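Residues or ranges marked as divalent metal cation binding site in Swiss-Prot (evidence: similarity to another entry): Asp28, Glu30, Asp285, Asp375. As annotated by Swiss-Prot, compositional bias 'Acidic residues' applies to 567-579. What Swiss-Prot lists as compositional bias 'Basic residues' is 592-601. Annotation source Swiss-Prot lists domain 'R3H' at 171-238, citing sequence analysis. Annotation source Swiss-Prot lists N6-acetyllysine at Lys213, Lys492, citing similarity to another entry. The feature phosphoserine is assigned by Swiss-Prot to Ser523, Ser543, Ser569, Ser573, Ser575, Ser605, Ser609, Ser613. According to Swiss-Prot, the feature region 'Disordered' maps to 551-612. Positions annotated as site 'Interaction with poly(A)' by Swiss-Prot: Lys319.
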Amino acid sequence: MEIIRSNFKINLHKVYQAIEEADFFAIDGEFSGISDGPSVTALTSGFDTPEERYQKLKKHSMDFLLFQFGLCAFKYDHTDSKHVTKSFNFYVFPKPFSRSSPDVKFVCQSSSIDFLASQGFDFNKVFCSGIPYLNQEEERQLREQFDEKRSQANGAGALAKCPVTIPEDQKKFIDQVIEKIEDFLQSEEKRSLELDPCTGFQRKLIYQTLSWKYPKGIHVETLETDKKERHIVISKVDEEERKRREQEKYTKEQEELNDAVGFSRVIHAIANSGKLVVGHNMLLDVMHTIHQFYCPLPADLNEFKEMAICVFPRLLDTKLMASTQPFKDIINNTSLAELEKRLKETPFDPPKVESAEGFPSYDTASEQLHEAGYDAYITGLCFISMANYLGSLLSPPKMCVSARSKLIEPFFNKLFLMRVMDIPYLNLEGPDLQPKRDHVLHVTFPKEWKTSDLYQLFSAFGNIQISWIDDTSAFVSLSQPEQVQIAVNTSKYAESYRIQTYAEYVGKKQEGKQVKRKWTEDSWKEVDRKRPHMQGPCYHSNSFTAAGVLGKRTLSPDPREAALEDRESEEVSDSELEQTDSCTDPLPEGRKKSKKLKRMKKELSLAGSVSDSPAVLFEVPDTW
């Protein structure tokens, strides 16, 4: 079901009903871009730590807009042994509620827009008909403004006891307004008077003056023309009629506030249900959803984890599930489209699914990929097929595994990390995996270097894997850890490049953080303000500059790599990543404190809980 601004309110009860009845939900988002700086390859480095990946996405991806949100609710019909679905495709856009409401700035990435356009995406439905939204802080501020405005209006009695001080340059204007109102009140024919459009300050003076001069007998309100011009309308009313109009105005303003909260109400309903939320490669979806509809992401990864669990108590990533035993050996491609096709084949059994009455059905043969509602739908199908496969391995077999089964608990709250070679997931409920990286080197070099140059440099060390960090640094993984020190020693006298172990790289990075923290703790803010920003002794991955050009060194790339394209041509789009990625693929690819988290937890009456007891049969491995 397509939901835009014009039909959002009339269909909101259907959305709430679907959420209330569902066993679980599948979600998906479409964005205005992926990365505002580094290429997608650099954004998803193969040796990122979970903290580094979070910081990269937070810094380079959150200024894009999630402008289409897909939600598919799944409910199992025990009578007919089938899943009944209700799919929604929401177009979302942060249209300002009023002149005082947030005017959101966002960025677009040309490759992402071009790709969505090629898929038939209707951008007019976003920008002309998108559903507005507010995050919790924006909603709170608007409600405070509304309450303050009403208290000022209701407190006019206090102001009415004394005349209003009118600036000299506005006295003539106010005198003319009072003269018009006096003539209006003397007239028996006119029931209302429209004043000419004026400034906000002049309207305020009019309100205050009329509250003092005419405490009874008139009703004053501000209306807006089609040209967005605001003017005051004055009506003759008795006290009973005045109170009735004031109540109507209050009700209308409350309704407009709820309309401004808009799509966020759907996210709040999903969160408050406490039910399982399924996504595919869903880290960005979760980050954008929290960032846009709740609050800006915290600076610290651990705070983000708390916040994510607070908003969505149970998350499951089908990409991680498909990349884990017992699926890993029988599923070769975990991109969403290919996964959906594979799960229709032996040994899997595709589920029986039917759309609820009044909801359009999707045909997987038509492959409406990159429509968020359709992607959410097939994500849910993939989850059901894999969950039922786990059930088929039991003795006796269980043909239908519910969203509350302990069989799938090992996959809860672990989000797939794209292209990280040895850390498959971000663990929202505890510490992340810390693999040994004693076979990994950190290399800095001139920005002219290409992938082929690195392959030649390490040609004596056998098979290697390269993961670019930026234009002047990369991680190189050797096949044998004992060769690491040899490689480091060979670079001691090199002028154009530098090699250090992964442990040394991390140590210097931590040292830099400690120095930076010490400056803050010692309150050297005055010094910092008076002179240009100076970095601590941290060894930055992009700080190495070659003493000279390559000079007479002649690079002869290994024949195996002769066909390699230049580094610049290796950037790939998000859609290409989705087509080729796997967790073992060697290809490179305002802070809120705990008080705010507690307040969020209090505001969100989250139903349901995640059991701490692990499943016995299947476990997401601690090592990869």
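Cβ coordinates come from backbone N, Cα and C, glycine included.
Projection of Swiss-Prot feature records onto the structure.
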residue: Asp28; record: divalent metal cation binding site; CB count, 10 Å: 28
residue: Glu30; record: divalent metal cation binding site; CB count, 10 Å: 23
residue: Lys213; record: N6-acetyllysine; CB count, 10 Å: 14
residue: Asp285; record: divalent metal cation binding site; CB count, 10 Å: 25
residue: Lys319; record: site 'Interaction with poly(A)'; CB count, 10 Å: 28
residue: Asp375; record: divalent metal cation binding site; CB count, 10 Å: 26
residue: Lys492; record: N6-acetyllysine; CB count, 10 Å: 8
Where Glu30 (divalent metal cation binding site) sits in the secondary structure, as DSSP reduces it to three classes: strand
Lys319 (site 'Interaction with poly(A)') and Glu30 (divalent metal cation binding site), distance between Cα atoms, whole Å: 17
Proximal residue to Asp285 (divalent metal cation binding site) among recorded positions Lys213, Lys319, Lys492 (C-alpha distance): Lys319
Candidate nearest Asp28 (divalent metal cation binding site) in space, where candidates are the recorded positions Lys213, Lys319, Lys492 and distance is Cα-Cα: Lys319
The domain 'R3H' (171-238) - residue tally per DSSP class, helix then strand then coil: 30 helix, 17 strand, 21 coil
Nearest of the recorded positions (Lys319, Asp375, Lys492) to Lys213 (N6-acetyllysine) - Cα to Cα: Asp375
Remaining residues near the recorded divalent metal cation site, that is with C-beta within 8 Å of the centroid of the site residues Asp28, Glu30, Asp285, Asp375: Ile27, Gly29, Gln68, Phe69, Gly70, Gly279, His280, Ala372, Ala376
Where Lys319 (site 'Interaction with poly(A)') falls in three-state DSSP terms: helix
Integer Cα-Cα distance in angstrom, Lys319 (site 'Interaction with poly(A)') to Asp375 (divalent metal cation binding site): 13
Pairwise Cα distance for Lys492 (N6-acetyllysine)/Asp375 (divalent metal cation binding site) [Å, integer]: 52
Arithmetic mean of per-residue pLDDT over the domain 'R3H' (171-238): 86
